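Undergrad: Pulled from TrEMBL, these are the listed features:
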- A:ARG52, A:PRO53, A:ILE54, A:SER55, A:ILE69, A:TYR70, A:ARG71, A:GLY76, A:THR77: FAD binding site (BINDING)
- A:CYS220, A:CYS225, A:CYS228, A:CYS244: [2Fe-2S] cluster binding site (BINDING)
- A:2-101: domain 'FAD-binding FR-type' (DOMAIN)
Amino acid sequence: MIQQERMTVVQQEKIAKNIYELTLQGEIVQDASPGQFVHIRVSDSFEPLLRRPISIANINKESREFTLIYRAEGRGTQSLSQKQIGDEVDVLGPLGNGFPVDAVPKGGTALLVGGGIGVPPLYELSKQLKARDVRTIHVFGFATEDVTFYEEKFSTLGDTHYVTVDGTHGTKGFVTDLLEELTPEFDTFYACGPLPMLRALENFYPEKQGFLSFEERMGCGIGACFACVCKTTDKVEKDYVKVCSDGPVFAKGVVKL
Amino acid sequence: MSNISIQLPGLELKNPIMPASGCFGFGREFANLYDLSKLGAIMIKATTVEPRFGNPTPRVAETPAGMLNAIGLQNPGLEKVMSEELPWLERFDVPIIANVAGSLLDDYVDVAREISKAPNVKALELNISCPNVKQGGITFGTDAVVARQLVEAVKAVSKVPVYVKLSPNVTNIVEIAQAVEIGGADGITMINTLVGMRLDERTGKPVIANGTGGLSGPAVKPVAIRMVYEVYKAVEIPIIGMGGVTCAQDVIDFMSAGASAVAVGTANFVDPFVCPKIIEELPKKLDELGIESIKDLIGRSHR
Ligand SMILES: Cc1cc2nc3c(=O)[nH]c(=O)nc-3n(C[C@H](O)[C@H](O)[C@H](O)COP(=O)(O)OP(=O)(O)OC[C@H]3O[C@@H](n4cnc5c(N)ncnc54)[C@H](O)[C@@H]3O)c2cc1C
Ligand SMILES: Cc1cc2nc3c(=O)[nH]c(=O)nc-3n(C[C@H](O)[C@H](O)[C@H](O)COP(=O)(O)O)c2cc1C
Ligand code: FES
């Protein structure tokens, strides 16, 4: 169920250049699943006016906490990064449909591919896959070493490979360069990142089952305003989907890339 | 407690608050959050004869205390709205105001004739002010003669009262208001969005794929208040005011300027519970002002 709640900041830490890890506590956590997002109002004034969509990166139902990892870039996310422990944040969520964790058979293997700030939702996914006895292979691309995060955490969950465009950390190049080299064996792939990366992956693994998480600029975040629509391929009946309420995760082949 | 019910042509409003067209879809998403029967009315998303996909994305951009949108009247088309959306809304005790759009005069007439037959559609809102479509829309709203002719044609077929939604993108809004009144409009809704543009800081190109978009939100409220104030003086028919409403005080401002009811648009994205919150807050605010019936607010700026 979608709720609006004033959640409490229990932790906020800078974990890489301009990248923050924010832990919030509240009831919304109980309904959250990997790949879903929350829509955050960072200020009670009209500046900035709109909410900001951020993926849920780590869920802890017992402590009623979840973690968001975001890049402080524009006005909204910069102001979010100023929040202190004990502050309240207006959160709407959980929103959208996340990654289907049970798409991989028990004992199977999942390939998780992420790009930059698309990596965070794959953390909770990887945790839940591991809990189901699914082996995970992580292949994550970043611009440069300064903005990488969570390598150790992912390493405890499965095979982990980091790639940077400038070669300052891990292999030099794009995730697809490394995938070409690794030729991993897997049942299903899950991906979140920039559009060119998602497009490349769909072409890379035409025979495989895959799930992709999309980004689009949003108004309402709940499916009412038609801001976030994507055209679909001929394979699906609907002409369009809304990233906020039909997605952000779609099976491979649904969204026209 | 003050009485906040309002009667308007075709509309028995429990309270003067309604979500604005395009900011509430057909109500389904908000029905998961609260009981839509609390609302005074609902202005549903623009309906055209055929389904429309709308404009390419990005369709929205944030601006200081506001936003630009160029959705492009995306909607499932008249047939689906009649067979699915309106029947679904019947479960709520709330009058529906159907926003009607089109490219040609005949499109408006066709949609109006059919949609006004739906039992829960109590009024039409002719959208002659959408800035985001290439044809129709705003072209009907910027020429007084064309606007009047359109209203006459729609009035001839509609089974329910017809309100006309005015565009602020004109030199003289009073002239258009008077023209639609002469054409037989039962009421006016105003304002639609103001045409604007935001540039990407890095590329210098417009953020919105359509180039321009319609500005809405708190930033436009002073413009909307001024226009309601001017139109109230010039016409006899009632006005439903909108543009930047976020709280009960804004509602009081619009009604003081001359609106008989008020619609809330962009604020639904900022706080999805904004309409019920305002409805709850309003009687208290009126008590504070010592106003017994909300009707006493209407046009008080002019007295
Ligand atoms: C479903 C979803 C999940 C996301 N998850 C994350 C995440 O986990 N971590 C993270 O760092 N980022 C995430 N993003 C991107 C994040 O929403 C934007 O970076 C953020 O909204 C930018 O806000 P700003 O204040 O920094 O920028 P501003 O330039 O001030 O933003 C202006 C407006 O544009 C919108 N906008 C700008 N960039 C984007 C973008 N890339 N996607 C959508 N809207 C944008 C903003 O929401 C705002 O309405 C996600 C986006 C979506 C759609
Ligand atoms: C995303 C969005 C979509 C809109 N779609 C419509 C529409 O379909 N028909 C219409 O008459 N007005 C439409 N509008 C205009 C609003 O109904 C309203 O007139 C305007 O936004 C001003 O009110 P506000 O400042 O409270 O948003 C839309 C506005 C927004 C922000
Ligand atoms: S953001 Fe409003 S429909 Fe998706």
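Each residue, glycine too, has its Cβ placed from N, Cα and C.
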Undergrad: If you count CB neighbours within 10 Å, which one among the binding-site residues A:ILE69, A:CYS220, A:CYS225, A:CYS228, A:CYS244 has the smallest count?
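TA: Ranked by other Cβ atoms within 10 Å, the binding-site residues A:ILE69, A:CYS220, A:CYS225, A:CYS228, A:CYS244 bottom out at A:ILE69.
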Undergrad: Once A:ARG52, A:PRO53, A:ILE54, A:SER55, A:ILE69, A:TYR70, A:ARG71, A:GLY76, A:THR77 are set aside, which residues in the chain still have Cβ within 8 Å of the Cβ centroid of the FAD site?
TA: A:ILE40, A:LEU68, A:LEU80, A:ILE117
Undergrad: For chain B, give the subset of the binding-site residues A:ARG52, A:ARG71, A:THR77, A:CYS220, A:CYS244 whose C-beta is less than 8 angstroms from one of that chain's C-beta atoms, in sequence order, otherwise 'none'.
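TA: From A:ARG52, A:ARG71, A:THR77, A:CYS220, A:CYS244, the ones near chain B are A:CYS220.
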Undergrad: Among the binding-site residues A:ILE54, A:ARG71, A:THR77, A:CYS225, name every one whose Cβ is found under 6 angstroms from ligand 3, counting any of its atoms.
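TA: Among the binding-site residues listed, those whose Cβ sits under 6 Å from ligand 3 are A:CYS225.
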Undergrad: So which of the binding-site residues A:ILE69, A:THR77, A:CYS220, A:CYS225, A:CYS244 sit close to ligand 2, that is, with a CB under 6 Å from an atom of it?
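TA: Near the molecule: A:CYS225.
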Undergrad: Take the Cβ of A:ILE54 (FAD binding site) and count every other Cβ within 10 Å, whichever protein chain it belongs to.
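TA: I count 23 other Cβ atoms within 10 Å of it.
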Undergrad: Using CB under 6 Å from any atom of ligand 1, narrow the binding-site residues A:ILE54, A:THR77, A:CYS220, A:CYS225, A:CYS244 to the ones that qualify.
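TA: Cβ under 6 Å from ligand 1: A:ILE54, A:THR77.
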Undergrad: Rounded to an integer, what is the Cα-Cα distance in Å between A:CYS225 ([2Fe-2S] cluster binding site) and A:ARG52 (FAD binding site)?
TA: 15
Undergrad: Per residue, counting other C-beta atoms within 10 angstroms of the C-beta, which of the binding-site residues A:ARG52, A:ARG71 reaches the highest number?
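TA: Selected residue: A:ARG52.
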Undergrad: Of the binding-site residues A:ARG52, A:ILE54, A:ILE69, A:ARG71, A:THR77, which one sits closest to A:CYS220 ([2Fe-2S] cluster binding site) when you measure Cα to Cα?
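TA: Its closest listed neighbour, by Cα, is A:ARG52.
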Undergrad: Work out how many Å separate A:CYS228 ([2Fe-2S] cluster binding site) and A:ARG52 (FAD binding site) at their Cα atoms, rounded off.
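TA: Rounded to the nearest whole number, the Cα-Cα distance is 13 Å.
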